[in-house]
Amino acid sequence: MPGVLRALLLLAAAAPLLADVNVMKDVTLGFGQALDKCREESQLTEEKMEEFFHFWRDDFKFEHRELGCAIQCMSRHFNLLTDSSRMHHDNTEKFIQSFPNGEVLARQMVELIHSCEKQFDHEEDHCWRISHLADCFKSSCVQRGIAPSMELMMTEFIMEAEAR
């Protein structure tokens, strides 16, 4: 009996972490829906567009300005930016809360993004600034254990493709 109790306690402790990862997965997939609409505006080649599917991989790097331009366009699509291309806190929080269990991560994600935004506020080129910000955000999520694994993301991509 003590072994069963210990297992239940471990599951109870792990459940919030899994919920956080699943929320992040859902937000990532939802945000990614704007990518097709932003491809031309941000001058993404097919090859660079494919890179977005690897965003959560450990070795993914933001080396191309166009990726930042695409993220800027996608953020505008969902009305997540102010006129000065900075995060609109309220709209971003509401966007995250619109996903199942989004309230679990909304405030934390806004704080992470804002913290990264402050680090790169000196960058005048919006696309490069947003690219650096996205890299910082990704690293922060990985450090906090809320980043979805590539296996989880690939499973979702496959399930979505099969559903179409």
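Even glycines carry a Cβ here, placed using N, Cα and C.
Taken from Swiss-Prot, the feature signal peptide covers 1-19.
Residues or ranges marked as disulfide bond by Swiss-Prot on the basis of similarity to another entry: CYS38-CYS73 (among others). Reduced to three states, the DSSP call for CYS38 (disulfide bond) is helix. For CYS38 (disulfide bond), the Cβ neighbour count at a 10 Å cut-off comes to 19, with all displayed protein chains included.
CYS69 (disulfide bond) carries a helical DSSP state (H, G or I). Neighbour count (other Cβ atoms within 10 Å of the Cβ, all protein chains): 21 for CYS69 (disulfide bond). Per Swiss-Prot, disulfide bond is recorded for CYS69-CYS127 (among others).
The C-beta environment of CYS136 (disulfide bond), restricted to residues of the same chain at least 6 apart in sequence and closer than 8 Å, consists of SER115, CYS116, GLN119, PHE120. CYS136 (disulfide bond) falls within a helical segment according to DSSP. Here Swiss-Prot flags CYS116-CYS136 (among others) as disulfide bond, drawing on similarity to another entry.
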Quick one: Cα separation, CYS38 (disulfide bond) versus CYS127 (disulfide bond), in Å?
13
Under 8 Å Cβ to Cβ from CYS127 (disulfide bond), same chain, six or more residues apart: give me those in sequence order, or none if nothing qualifies.
SER42, ARG65, GLU66, GLY68, CYS69, GLN72
